[in-house]
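Student: Here you go, one structure.
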Amino acid sequence: MSQETLEYHWGKHHRGYVDNLNKQIIGTELDEMPLEDIIITTYNKGDILPPFNNAAQIWNHDFFWESMKPGGGGKPFGELLQLIERDFGSFEKFVEEFRSAASTQFGSGWAWLAYKANRLDVGNAENPRPSDEDKKLVVVKSPNAVNPLVWDYSPLLTIDVWEHAYYLDFQIRRPDYISIFMEKLVSWEAVSSRLEIAKAQATEREEEEKRKQGEKEVGNSDNEAVKMYVDSKSDDSEAE
Amino acid sequence: MAIRPLLSRTLGLTQTLTHSHSHSHTLTQLRGLQTFSLPDLSYDYGALEPAISGEIMQLHHQKHHQAYITNYNKALEQLEDALAKGDSSSVVKLQSAIKFNGGGHINHSVFWKNLTPVSEGGGEPPHGSLGWAIDTNFGSMEALVQKISAEGAALQGSGWVWLGLDKVSKKLVVDTTANQDPLVTKGANLVPLLGIDVWEHAYYLQYKNVRPDYLKNIWKVINWKYASHVYEKECP
């Protein structure tokens, strides 16, 4: 990835998103919010509000720079590699799927490796205990500024496939850009540490939900006890 | 135009010959799939400079447009195959490839005609009925140019900005489409008079992130004669 590309991509495009978002949110309630909250709020369940594009693109580009390092590439290690092999069959099959997503994202967008922690909401039924296999790695692609945060996934790795990301260096040859990214730029350390955080968050959430579920049940049995007192007339008449 | 290599292509169709014909009639019985090919530009790649660089014109025409055509032809072949087999799942799956690549071919074919060198009248405003219609619909040529440039600059991601004619109401409209969606996806009666490609590949090597400058300069090579010609055909 050439210096010229970085100068424009980071210095002009990314910076532009920052400047524009600041202008858009000044004096609004969005101004107080953390970036991720701005993104979710302005995504507005798909009915996108104007600040979304700038906010999400800021986040996406931060995430993209940190997904790379000089002298990157190679293979992942440790638990990340294990999960990749579990969920894709092999590292090579993961790479295949990631490259495919990146090259078939039509128009502008991004390809992602994300950690998806299934949160099964089954309404009135008791939540089944989620097994580890429900928490899995997935490859997804997204158009323009959309990112997996809006789907409640935890992004682990991304590649920018807007034309501005590769046009100076590769022109139309997006597949070559994707290859170089995988072979020379990916920071598997960054991906690994993001995975750790994602897993910890998923566990925390699970425990939070279990706690809430427990509280609800206690609340229900309290209500039943109150009902009993109200229905019984014997105490009242004795008091009088 | 395209030479149709019927003989060299295998057409996976079953022939149902209801009459007996000699072999010399066989080719006319077969439904040939129309293949598409890259239309020539009526000007040299460098002829639009300095508004649009020769480097961009060559890449845009020979690589990008060609790729859409290649992939469109491939998708159509696969569609023909799926239709013949009654493979509905494949027919449906192919729709997005046809839309992307067919749309890319349609849009770029219009685009090359929307451009012309200054020496051939590029940038010269339309006279006649289109000029009058622009004043009526938008107030002035300047207002129209402003509107198109603003909408083109504001478009998020990849797409096109259009001046279109609603051939039923005879009204002029400015609209945008995403990715390679042709103008007709915004209204079945819309005919494109003028389209400007705002995908980054259309300007990046020259203008980098400054799309507004590309939109400012492209007006110098816009071929209003073609737009007038299309307009007059629909509004005689």
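Each Cβ is built from the backbone N, Cα and C atoms, and glycine gets one as well.
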Student: For the Mn(2+) site that TrEMBL assigns to B:His108, B:Asp197, B:His201, which of B:His60, B:His229 is also named?
Tutor: B:His60
Student: Sub-8 Å Cβ contact with chain A: please pick out which of the binding-site residues B:His60, B:His108, B:Asp197 have it.
Tutor: none
Student: Check each residue in the chain of B:Asp197 (Mn(2+) binding site) that is at least six apart in sequence and keep those whose C-beta is under 8 Å from its C-beta; list them in sequence order.
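Tutor: Set apart from B:Asp197 (Mn(2+) binding site) by at least 6 residues yet with Cβ under 8 Å, we have B:His60, B:Asn107, B:His108, B:Phe111, B:Trp160.
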Student: Among all protein chains shown, how many Cβ atoms are found within 10 Å of the Cβ of B:His201 (Mn(2+) binding site), not counting that one?
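Tutor: 18, counting other Cβ atoms within 10 Å of B:His201 (Mn(2+) binding site).
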